[in-house]
Amino acid sequence: MENELLSLIPEYIPLGLGVYDKDGYLKYANDTTLKMFGVTMKDIYNINIFDDPNITAEDKTLLKQGLNVSFETDYDFDLCENFYETPIKGIKKYFVTKVTIMRDPEGNRQGYLLACEDITVKKAQEREIIESYKKIKATQKELSLALNAGKLSSWNYNIKEGLFCKFDVHIENIEKRSLQSIYESIHPDDRNKFMALLEAVAHKQKLPENRIILKVLENNATDYRYSSFTYSAVEDEAGNIVVITFIQRDITEDIIYQQNLITAKNKAEEADKLKSTFLANMSHEIRTPLNAIVGFSELLTETDDAEEKFEYKQLIETNSEILLKLIGDILDLSKIEVGSIDINRQKLNLCQLCDELYRSFQQRIKNPKVILKLINPYTKCVANFDKYRFMQIFTNFATNAIKYTPQGEIVMGYECMPGQVRIYVKDSGIGIPEEKKNRIFSRFEKLDTFAQGTGLGLSICKAIADATGGEVGFKSKANIGSEFWYIGYTDVEYVEKSEVADEDLNNKSTEHLSADSPVKIKDLNILIAEDNDSNYLLIKKLLKDNQLTRAITGVEAIEKIKAQTFDIVFMDMRMPVMNGLEATSLIREFNQTTPIIALTANAFDSDRENALAAGCNHFMTKPVKKRELMDLLFRYFKQQPQ
Ligand code: ADP
């Protein structure tokens with residue numbers, strides 16, 4: 001029974017077995033062999049092992065020499081065509097073979113036992129694995145190159161473990177970091193954003209984009225860098241998000257480049273805007289005094305009245321001064337632009353100089369509601385200053401205070417300490433709103449468009465302060481007032497006054513222009529909306545045969561038109577409180593018939609278009625010519641008004 005069982009082994013063993021006699025002729029093959037080679041015993045009986053084309057010559061030699069051999073073969077069935085008959089054609093199988101020499105107890109060769117295993121499937125899998133491994137290696141290399149070129153790193157966040165694995169340029173050097181450590185390397189401002197993202201991705205929430213920009217601190221660095229993280233989620237078989245993959249790209253340089261571009265663009269736009277505003281202001285500022293000079297010169301030649309002549313001459317002089325000051329400012333500015341301000345220091349008697357300045361500023365105040373005071377605490381004060389520049393700073397401060405103080409008081413003064421003199425002008429005027437304070441000393445900056453000025457005064461003061469090694473500054477509160485000051489560092493000798501203040505100077509109220517009494521003549525009833533006194537006076541002289549009413553602001557013009565019927569309105573475009581454009585638009589809402597003539601120092605096409613669009617019937621550029629004005633009135637009223 002046992003022998004019977006044992007005899008079954010060769011038929012059931014999953015190995016191909018072949019038994020050859022001592023000369024190498026096949027005498028027996030088990031079923032597995034027959035199946036492996038697709039043959040019957042008849043087909044292969046007596047084939048000789050030494051003729052087998054799939055066994056190498058070396059192995060055959062070894063066998064002949066009496067040595068056992070083992071080998072692996074890509075068994076080629078096509079090679080066996082002349083060896084034995086088999087229906088298997090055109091394929092290769094992979095066999096592991098061992099040929100053992102069988103001997104009798106004396107050691108004499110009896111035959112050969114060939115054991116052969118078909119490992120074709122296993123080998124194919126093995127080859128596939130090797131191929132895949134090679135591909136992975138190649139991909140890793142490419143990835144490494146790409147990561148390097150794109151300054152990229154790749155992160156895998158394992159949600160369950162709370163671990164980040166970083167693959168950088170050196171793919172093999174995997175860095176592992178905890179969520180806490182990653183969290184801490186992110187800028188505090190971005191941390192919540194990052195945690196919210198992890199939460200959202202883990203719960204498959206739809207997000208607007210698959211990218212997040214964070215400021216992160218790289219190993220041992222002290223400055224945060226901008227990184228863009230593109231992410232995607234990896235699911236397990238159950239559809240749960242288990243890993244989030246991030247591709248990190250350092251975009252600091254891009255962001256800096258972008259920020260620089262934006263700053264440069266804003267600067268260019270700002271400069272362009274300032275230049276345009278400056279040009280428009282210049283046009284207005286130059287035309288306003290020019291208007292008065294041309295207009296009154298024309299009138300001067302027409303009148304024989306000595307008193308009128310004197311008045312016109314005075315007006316021409318005042319406006320020439322304004323024009324000269326303006327041109328002086330522009331020249332000063334160009335000097336500042338090339339950095340060549342001349343400073344000629346000399347010993348100045350500040351008591352005397354400030355007194356002179358005080359008197360001259362007093363002359364400029366036309367507003368009866370404003371009082372100018374001088375605080376001069378010294379009987380003697382001599383300091384080293386450039387006289388012209390000293391006066392220029394004081395004058396700019398005082399002129400502004402006069403311009404921007406509708407009522408109350410303006411105090412000018414100076415105080416000394418060893419090695420320094422501080423001059424100041426304090427006012428109870430409109431003040432400067434908080435948001436505009438940082439622009440005050442910038443060139444061409446005018447915070448109010450209606451007030452006369454080019455926006456150069458304070459920037460010139462600042463440039464003088466810089467050139468003299470001094471300082472300028474101010475404090476101001478909207479609707480309360482301002483104080484502008486300059487500190488000059490210089491040798492100064494001073495003697496303080498006794499308590500007796502120079503009351504007579506301090507308490508003098510300013511002189512002001514007495515308003516001309518309205519001249520009532522005949523014909524047209526005209527409203528002149530004009531804030532500038534010289535301009536109004538000029539029109540008044542030109543239209544002296546008519547009944548004139550004046551408004552100083554746009555709001556006043558509206559009120560007057562509501563209260564009274566006018567034949568025609570002359571509307572200055574730039575006025576305080578409400579400008580002429582806005583006023584005209586509002587008037588047109590309730591009055592479409594009264595002709596409104598825009599009268600402005602702005603001479604650009606856009607000004608003309610804006611005026612007509614707002615509802616003006618006609619547009620006249622200052623300086624106004626008498627002939628032009630008369631022609632216009634004639635056209636409207638079909639009579640020669642002269
Ligand atoms: P401007 O020639 O237009 O007066 P400045 O450079 O002298 O130019 O002044 C710049 C701006 O600062 C002014 O347009 C005005 O809006 C503001 N400003 C200057 N001084 C005062 C002041 N005392 N009170 C209120 N605003 C002032």
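Note that the numbers count up from 1, one per residue, in the order the chain is shown.
Backbone N, Cα and C define each Cβ position, glycine as well.
No curator has checked TrEMBL annotations; they are predicted automatically.
As annotated by TrEMBL, domain 'PAS' applies to 2-74. In this model, the domain 'PAS' (2-74) carries an average pLDDT of 92.
Among the features that TrEMBL reports, domain 'Histidine kinase' is placed at 281-484.
According to DSSP, the secondary structure content of the domain 'Response regulatory' (525-637) in residues is 53 helix, 24 strand, 36 coil. The annotation domain 'Response regulatory' is assigned in TrEMBL to 525-637.
Of all Cβ atoms in the shown protein chains, 28 besides its own fall within 10 Å of the Cβ of ASP572 (4-aspartylphosphate). Among the features that TrEMBL reports, 4-aspartylphosphate is placed at ASP572.
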Review point. Could you give the number of helix, strand and coil residues in the domain 'PAS' (2-74) as assigned by DSSP?
Key: 33 helix, 18 strand, 22 coil
